[in-house]
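Peer 1: Features from Swiss-Prot:
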SIGNAL    1-26  signal peptide
DISULFID  29-76  disulfide bond
LIPID     33  cis-14-hydroxy-10,13-dioxo-7-heptadecenoic acid aspartate ester
DISULFID  39-53  disulfide bond
DISULFID  54-99  disulfide bond
DISULFID  74-113  disulfide bond
């Protein structure tokens with residue numbers, strides 16, 4: 001379960017990293033976890049991401065306005081992914097495209113969050 005959440009968080013982080021900087025919004029891991037929970041079934045090999053999952057990914061993408069927010073989301077996703085058993089990396093990486101969110105990064109548990117701006 002934790003891995004799925006990490007993958008979902010990674011997807012959200014990638015989405016946030018691609019967002020243009022705007023007014024600062026202090027994001028935390030609790031918020032990231034909450035937005036990504038609906039994606040857990042999918043990252044554990046279940047059927048395609050739900051509408052609720054995609055809404056969470058879009059919300060995170062829109063809320064991650066600053067580099068700091070995007071890096072926070074990235075680190076939160078990595079932490080969550082470490083705890084998910086039966087994590088399907090392909091499903092996790094496909095979330096942005098399946099949710100119609102353009103992310104120019106590959107979602108992975110070993111992404112270097114410090115390189116996200």
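A Cβ is built for glycine as well, from the same backbone N, Cα and C atoms used for every other residue.
For each feature listed, report its degree of burial, its nearest neighbours and the pertinent distances within the displayed model.
Peer 2: Using a 10 Å Cβ-Cβ cutoff, residue 76 (disulfide bond) registers 26 neighbours.
Over all protein chains present, the Cβ of residue 33 (cis-14-hydroxy-10,13-dioxo-7-heptadecenoic acid aspartate ester) has 18 other Cβ atoms lying within 10 Å.
If you draw a 10 Å sphere around the CB of residue 53 (disulfide bond), it holds 25 other CB atoms from the protein chains shown.
Taken residue by residue with DSSP, residue 54 (disulfide bond) is part of a helix.
Around residue 113 (disulfide bond), taking its Cβ as the centre, 17 other Cβ atoms fall within 10 Å, counting all chains. Secondary structure at residue 113 (disulfide bond), as computed by DSSP, is helix.
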Peer 1: Measuring Cα to Cα, tell me the gap between residue 113 (disulfide bond) and residue 99 (disulfide bond) in whole angstrom.
Peer 2: 22
